Amino acid sequence: MRCGEAVSVHSSAHFGAGSGQIHLDDVACSGYESSITYCRHASSHNCGHHEDAGVTCSGDPQPSPTLTLISPHSTFSPGESVQFKCTFPRQNDMSLYFRLYKNGLLIKTQTAMSSTTFTLTVEASDQGQYSCHYSYRSIFSTSFRSNTVGITIVTLPTPRISLSTNKKVTWGERVDITCFLNTQYTGGTFNLKMGSGSVIQTKSGTFVTFSFPKVDFAHEGSYYCQYQTRVSSRDFSSPRSSSVDFTVIVNLLQPNISFSATDGGSHWGLQELEVTRGYSFTIICSTQPQYRGGSFHLEFRGSNITSISQPAVNHSATFFFHEADYDHQGNYSCVYEVTVSSRTFSSSNTELLAITVKASLAPFIGSGVGIGLLLILVPILIFIIWRCKRQKRQMDAKMVYKQRAVNTYDTSHGMNEMEEDEEDYENADVFQNNKDSNDSDEDYISIDEKVDKKPRTTVDNDYSGPHEMSFAGNELEEDEDDDYENVCMSEEGGVDMHADGEKCWLGSEFEDEDIYANVE
C-alpha cells in the first residue's frame, strides 16, 4: 500500500465494517511477506465484515532493494555456484534482514547493513526467477520485493553407448561404436574419447556412430561418449557415458598335418602309421589363407621333445626325412605362427600324427632270393660241370681215335682206274682186334669228309695196325660233289655200310658214350 511500515494491527472492523466481497479469512502473516496475498489464509471463508482487520502505517514507505546476478552469464550446469547480490538503496546505519526468494518462496536469509551476496550451488531444480527484500525487524516493517533475475540450468542426460561386436575383435575387422541421448538442446556434437580422455572422433547430432573400418592393435582399449552443446553463448558437456572396451586378437585356424611316402615304404597299421626303416617320408603342414607369411613348427614327441621350423610357402611347409630311423618314431603335430603388426600369434596344435618305424624286410627278402637262386644254380652248375667233363672225355676219345683213323680217298690199283673216277671218299673205321679192344664195348669213328670249293688238296694217311692196312692219298676236285660214306667195323672185323650218316651199332647194344670223329 506504500504507506510505510505497519505500526499496529486492528481487528473487529476497527476502522468500520467494509463492504463487498470477502477475499481472505483466517489470515496469518509472518511479517516477511511482500504482499498480503503471500500470507497464510483459509481457502474459503465463513466470516462477515464485522470481522474486518485493519493496520496502522508509519506513513513513510521503504524503498525496494536491487537484485543482481554476479556471474557473467545466466546459464549454469548442475553443481556450479551462482551468486545473487541484494542491495539496500540508501545509507543505513541499522542492521537489515535480507531475504532471497525463488519463484516467490523464501530460500535463504542473511543479515547485513546495506547489501548482501547470496551464493548457491545449483541443481536442475534451481532453475527459475529470483528476487529479494529486506526489513528492519524480523516480523514487521518489510520492504517491497526487488526486481527478478532468472537463471537457466542446462541439464544434459548421460549418453548411452553400444559396441557392435564382442569384446574380442579379430584384427582387420570393422568395429562400430554408437552414442545417443535424448535432450532439448539439439545441435550439439558427440565426442568419442578413450579412457585417457583423448578425443578420437567427433560427430554432430544426438545419435551418431563412430566406425573403425579395419581395426588394429592401436585401436584396442576403453571408449566412452560425451555430448557437447552451446546455450546462451556458453558450452555445456554432458556427463560421461559408460565405457565399452574391446581387445584386438588374431584368431588363427587350426592347421592340417598330412603324410606322404613316395617310395612305398609306409602303410597304415591298426592305429598308427608304420614306416619302414631306411625309407624316406614327408610330413606336410598347411593352413587356410588368413595372413601372409608366417612359419610352421613341426613338434615331435618321442624319446625327446623337439621342434623343427620352416617358413610358410603358399600357406604350407614340407618337412622331408631322408631315411626313417627309430629316432623318428613318435607323435608329430603342426603349429602355425604369424606376426601381425609387430605382435606374434600362434595357432593351436593339429591332431597328433603317430608314426612307428618298423625294421626293413629287404635283407630277409634278399636272403630268401639268394637262397632260392643258389638252389636253382647248384643243379645247373653240377649239370654244366658234368657236361663239360663229358665233352672233355669225348674230345679225349676223339683225339685217341683220330690217331687211329685213316682217311683214304679212292685207293685204286692203277692210275688208269683213278682217272676214270672224279672223286672218291672213304670213311674208314679201324678197330683193333679183340685182343686190343677188350676195354671198350663199342668204338664209333665217324669220318665225315666234306669238300667245299677249295683248291686241290692231297691227303696222305698211313696207318699201321694189327691188320697192316695201307691207304693212298686221294685227290679232290672242286667240281665234284661231296660223297659221304659211313663205315662201321665191328670188333670181329665186319663192316656195315649205312648211307646218310646213320649211326653204327655193334650187335644190339650202344656204347655209353658215343664217339664221333669227323674228318674232313
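Cβ atoms are placed via backbone N, Cα and C, with glycine included.
In TrEMBL this protein carries:
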| type | residues | note |
| --- | --- | --- |
| DOMAIN | 1-58 | domain 'SRCR' |
| DISULFID | CYS29-CYS39 | disulfide bond |
| DOMAIN | 65-152 | domain 'Ig-like' |
| TRANSMEM | 364-386 | transmembrane segment |
| REGION | 431-483 | region 'Disordered' |
| COMPBIAS | 447-459 | compositional bias 'Basic and acidic residues' |
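Neighbour list (CYS29 (disulfide bond), Cβ cut-off 8 Å, at least 6 residues apart, same chain): ILE36, TYR38, CYS39, ARG40.
The DSSP breakdown of the domain 'Ig-like' (65-152), given as helix, strand and coil counts, is 3 helix, 48 strand, 37 coil. Predicted-model confidence for the domain 'SRCR' (1-58) is 75, expressed as mean pLDDT.
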